[in-house]
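Participant: Got these off TrEMBL a minute ago, pasting:
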- Asp292: active site, proton acceptor (ACT_SITE)
- Gly173, Arg236, Gly237, Gly261, Asp262, Gly263, Ser264: ATP binding site (BINDING)
- Asp262: Mg(2+) binding site (BINDING)
- Thr290, Ile291, Asp292, Met335, Gly336, Arg337, Glu391, Tyr447, Met448, Ile449, Arg450: substrate binding site (BINDING)
- 167-471: domain 'Phosphofructokinase' (DOMAIN)
- Gly263: site 'Important for substrate specificity' (SITE)
Amino acid sequence: MTFSVIFHCMDLFRFPSSSRRSTQSETDHHHHQLGFLIPRISRKYRSLSFDSGLRLIVSDNQSFESPKRLVMSSSVPNSDRKIVTGPAGYILEDVPHFSDDFPDHPTYPNPLQDNAAYSVVKQYFVDEDDTVPQKIVVHPDSPRGTHFRRAGPRQRVYFESDDVLACIVTCGGLCPGLNTVIREIVCGLSYMYGVKRILGIDGGYRGFYARNTIHLDLKTVNDIHRSGGTILGTSRGGHNTTKIVDSIQDRGINQVYIIGGDGSQKGAAAIFEEIRKRKLKVAVAGIPKTIDNDIPIIDRSFGFDTAVEEAQRAINAAHVEATSFENGIGLVKLMGRYSGFIAMHATLASRDVDCCLIPESPFFLEGSGGLFEFIDKRLKESGHMVIVIAEGAGQDLLSESMKESTTLKDASGNKLLQDIGLWISQRIKDHFAKKMTLTLKYIDPTYMIRAVPSNASDNVCCTLLAQSAVHGVMAGYNGFTVGLVNGRHTYIPFNRITEKQNKVVITDRMWARLLSSTNQPSFMKQADKIHSNQLVGEPGTMKW
């Protein structure tokens, strides 16, 4: 249950501008005004808005004079979402804040205001009004739509440096950039906020209650970004919310940084809710990690660029093998359980790929318009062929062929997939065995790609994600995931990150660009094409 505030154009009631230093009395006065008005009214009324005369309108027709503009909203206690609405369809999906549960919690000047590194930066502190739109392509009559709070340092912080005991944990599978994120959280806490006590949780979620912690300092993390994997170790599963929060409480930890994919972020949300239930002054922040780039809302996840770059090596090797033999085929299997972003981007980047198969785009093998027909055509035209297939593609064909489907799952709850690469390699060989001499080389670089250090682009991405998470926690924000949205770092509620998986939209221009680049057919049967023509994509996507 939440209440909303309607934004108006008057810019009277705002936190002190970041263009000048605020005094303690000014900031306390603003905090007092917000703290006095919002909680008292929100306990009684579900909906708030302002009329054109800036009178605060409540649901039972009472009104309160409001000579100033509100820039923040509060949730009713224990609400799941914080929503602020405004004119022209403006919606801010806000994240929890310490002041929601602890309105009298003291604040302190941000140490960055005395940091020599930032003394020359103009307007370094983020304005409290700054939000980032989820959708950047709009029409003149479009509503302003959903926004998220912009990440970055605030003028006031909710933790004194000497009181902070932070911990970092990595969960799930490996991904390029894990060590870089660990390093930059430690460096951000140490260099920017003077935090000295930082722990690493050994071995994923179960490490909170089953393993020893690792002391992290600037010396420990100095060069870990040069190595793949994670110095903290990782694991799937092992999430016992009660035991984890017991450990956090017993150790006196008050900042928790969780690096992991959608399953790990769901775990982070559960930890946050339990911490809130116990009324602990502990902040929880997530840094989204998935090599498949399948987390929604955000532009991309760290490690993705590295994965696409490393995939080029495998594709190049497949191309060399294919062109060296008569009717040569190079088949490369890449990551992508449910989302084909790595396969799609690696194909577009390579320009040597003749066919890309992903989970989102169904295909079939035999008959007119099938994969076998296309392979035969391409071999006759070029004498060789390179195929890229995502690990989750064609699972329905494989299960149907083997007359079974697996319901087994790994410790993270992911369905165990069968090896589509080996299966389809054999099917291709069997089909063409009596027609032509064919040489097929199958390459699976999955674990090589996961284990490499992150490249330059991902290192920058990891640094900014880590610093944004640190700034948010120190500023009192809680229960959020940090992510890049339309080129700006934002704080996103956990529920938005975990509500669905990001997938390639095959009615979008990006997939059309791939089809144009490879000149491959869509492989959709006539019934599927009719259904696809009836699909209406999201705004900004192309309808076939």
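Indices start at 1 and increase along the chain as displayed.
Even glycines carry a Cβ here, placed using N, Cα and C.
Note that this is a predicted model, so its numbers are computed, not measured.
Distances, neighbours, how buried they are, the whole picture for these features please.
Facilitator: Close to Asp292 (active site, proton acceptor) in the fold, though at least 6 residues off in sequence, lie Phe304, Met335, Gly336, Arg337, Tyr338, Ser339, Phe341, Ile342, each with a CB less than 8 Å from its CB.
Counted within 10 Å of its Cβ, the other Cβ atoms near Arg236 (ATP binding site) come to 20, all protein chains included.
Note: Asp262 (ATP binding site) has non-local neighbours Pro288, Thr290, Asp294, Ile295, Ile497, Thr498, Gln501, i.e. same-chain residues 6+ apart with C-beta under 8 A of its own C-beta.
The Cβ of Gly263 (ATP binding site) has 21 neighbouring Cβ atoms from other residues within 10 Å, across all protein chains displayed.
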Participant: Between the Cα atoms of Gly263 (ATP binding site) and Arg450 (substrate binding site), what distance do you get, rounded to the nearest Å?
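Facilitator: Cα-Cα distance, Gly263 (ATP binding site) to Arg450 (substrate binding site): 18 Å.
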Participant: Measuring Cα to Cα across Gly173, Arg236, Gly237, Gly261, Asp262, Gly263, Ser264, which the record gives as the ATP binders, how far apart are the two most distant ones in Å?
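Facilitator: This binding site's residues have a maximal Cα-Cα distance of 12 Å.
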Participant: Please identify, from the binding-site residues Gly173, Gly237, Gly261, Gly336, the residue with the sparsest Cβ neighbourhood, meaning fewest other Cβ atoms within 10 angstroms.
Facilitator: Gly237
Participant: For Met448 (substrate binding site), what residues in its own chain, 6 or more apart in sequence, show a Cβ-Cβ distance under 8 Å?
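Facilitator: Result: Glu310, Ala314.
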